[in-house]
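Asker: Pulled the feature table from Swiss-Prot, pasting it below:
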{"type": "TOPO_DOM", "residues": "1-273", "note": "topological domain 'Cytoplasmic'"}
{"type": "TOPO_DOM", "residues": "295-300", "note": "topological domain 'Periplasmic'"}
{"type": "TOPO_DOM", "residues": "322-327", "note": "topological domain 'Cytoplasmic'"}
{"type": "TRANSMEM", "residues": "274-294", "note": "transmembrane segment"}
{"type": "TRANSMEM", "residues": "301-321", "note": "transmembrane segment"}
Amino acid sequence: MEAIKGSEVNVPDAVFAWLLDGRGGIKPLENDDIIDSQHPCWLHLNYTHPDSAQWLASTPLLPNSVRDALAGESSRPRVSRMGEGTLITLRCINGSTDERPDQLVAMRVYMDERFIVSTRQRKVLALDEVVSDLQEGTGPSDCGGWLVDVCDALTDHASEFIEQLHDKIIDLEDNLLDQQIPPRGFLALLRKQLIVMRRYMAPQRDVYARLASERLAWMNDDQRRRMQDIADRLGRGLDEIDACIARTGVMADEIAQVMQESLARRTYTMSLMAMVFLPSTFLTGLFGVNLGGIPGGAWHFGFSMFCILLVVLIGGVTLWLHRSKWL
């Protein structure tokens, strides 16, 4: 493949544009640099920036079929061979930010053995680890190594987030054993996060597996083995997600049962109180009719005797309920 001049990938508002030195390090891309398979270029763009959008729409370095995908049209993880290049769409969890972690960040990549073009709208935190390794001189030396390191970092972030959700489920299960009901909507949000993760991580695992099996010219056998290991690791994470989804279903049933039992206890208590006070209510209502005068109204101890009668009646009903094992 022909070499590319640095001026051809000069985008003023690029997030960064670096030239891999082939030894695990990087240097800023200059206009007079020569980009080839020994010194590939990594161009990272925010496709919402005007200069970046213009470059994506007009550069002859990109096939026409990938322009819309790099500009944000593609969302689900997938991989497509485009002649000598490959278009890859990946998803990342930005779990350490204030954003809702169920909103996965999309990153789109077009690459061949000479250069890498990656685009995003929101920042992809997993790339910070790859950038840090490159700045320290311990990063990838070629395009294949770069892709493996990026996929590894994305999987690390996904695994950490899955582990956090798993810990939340364990805490929730422990609280349920103590009859502690979680706040309303907590379990629903947890289940939604798991389902969204399952929706995007399953095709992403397939992307990794396909990259491991494809005979891409810019990936060697060791890199393919590492990619397969990453796919297997993400597959284990998906198994954990499936188990967590099933556990949230069990917890939802348990929460419903606990709430139903609590409601039944309250209803039972109110029914017992009604049974205890129903006879006394009947007597007070009967005496309160006062059609022919209140019985015993002229007696000095009439009210006291009536109160004693009510106490005895309530006590008798309570004793009967107790012997009947209703109390």
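Backbone N, Cα and C atoms are what each Cβ position is placed from, and that goes for glycine too.
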Asker: Checking distant contacts: for the topological domain 'Cytoplasmic' (322-327), what same-chain residues at least six beyond its ends satisfy Cβ-Cβ under 8 A?
Answerer: 272
Asker: Within the topological domain 'Cytoplasmic' (322-327), count helix residues (DSSP H, G, I), strand residues (E, B) and coil residues, in that order.
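Answerer: So the counts come to 2 helix, 0 strand, 4 coil.
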